[in-house]
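See structure below.
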Amino acid sequence: MLQAPYSTATVSRTLIDSLIRFGLVALLATFCFQIFRPFMNLLVWSVILAITLYPLQVRLRGRVFAGDGRTATLIIVLVIAIVLVPTYLLGTALIESMEQAMAIARRGEFHIPPPPEALAGWPLVGRRLHDAWAMAATDAASLMERLGPQIKAASLTVLGAIGGVGVGLLVFVGALIIAGIIMAYGEQGTRSAVRIATRITGPERGPRLTALCTATIRAVAQGVVGIAFIQMLLIGVAFVLKGVPGAGLLALAVLLLGIMQLPATLITIPVILLVFASEGASATNIVFAIYVFIAGLADNVLKPLMLGRGVDVPMPVILVGALGGMVTGGVIGLFIGPIVLAVGYQLFWQWVDEPLPRIELEPRSNADITGG
């Protein structure tokens, strides 16, 4: 009688050992994730920035400094200066404007001109805007008393948004510093990424998926910066031609908001209200308001045209990934979403294109066919 090579006890012991090892590995992975979790956003941002800026380091390497570390340091210092200097100038200008407005309010010199009669003829909201404007021009104190709760809520919202922008700016600067460290070891990092992807997906897919993820991040980053720059030009030219005070700083603010994926309407709508309050609703001001408002929404049209260029994935996949990722994960999701969808798209079609296994049937004899 033949004996089984493995007894039931041996199989059970092996299964228990495997389950114990799996449980310990899962427990270790859980603890590692909990420790890493507070720094996840910062490190993900660092990797995104490092991948985006690394081609610039490759171009400058050997021309300015010989080592990767010095070249990466130079790039990061320049980027931080480009971000912080306009932010400082914009913050200083806003503080000075607020101080001047408070001084005018204390002296009682603030005066709202009466509304133009043509405003009442606007459809739907014209009469309400005319009445509210007329009350503000004749009895601003009563209007402020009526709108006090709404103004307080709006002020708290604006202060919260400003605080969020400040915290986001600090995180961005910290991510830039860590990105510089990653860029200093860019070649080792590239090899490590390829090794990890190869270990997970195999030697054929690993390098291709690594290149796809890198190209997707760079395409989205270039698209975001390009869209923000175009929007800054569209809005900034209108501000300069109209003679808006601080037009250059406001245009830089539009650029920073576009890079941070915040709506440019945070700048355009207050400027439109300021122009109407100071100059009235003339035909020129109405054309200016319509143009600036549309330019503030231009990113919604430019994103489908510029995101995903140069990536071996259809543009709708990148666009859907960017929009869906931004809805679910914020600004980081803008980059993570396209990567996940692009990798999933490639893996799906590689699976579809794999040849099906050929099943060869043994020929049946005549006896089997006739049943003889």
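Cβ coordinates come from backbone N, Cα and C, glycine included.
What TrEMBL says about this protein:
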type	residues	note
TRANSMEM	19-36	transmembrane segment
TRANSMEM	42-60	transmembrane segment
TRANSMEM	72-95	transmembrane segment
TRANSMEM	153-186	transmembrane segment
TRANSMEM	219-241	transmembrane segment
TRANSMEM	247-276	transmembrane segment
TRANSMEM	283-302	transmembrane segment
TRANSMEM	322-348	transmembrane segment
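Using a Cβ-Cβ cut-off under 8 Å and counting only residues 6 or more beyond its ends in the same chain, the transmembrane segment (72-95) has close neighbours at 53, 56-57, 60, 64-65, 169, 172-173, 176-177, 179-181, 183-184, 186, 246, 249, 252-253, 255-256.
The stretch from 42-60, 219-241, 283-302 that makes the most Cβ contacts under 8 Å with the transmembrane segment (247-276) is 219-241. Per-stretch counts of Cβ pairs under 8 Å to the transmembrane segment (219-241) identify 283-302 as the leading one among 42-60, 153-186, 283-302, 322-348.
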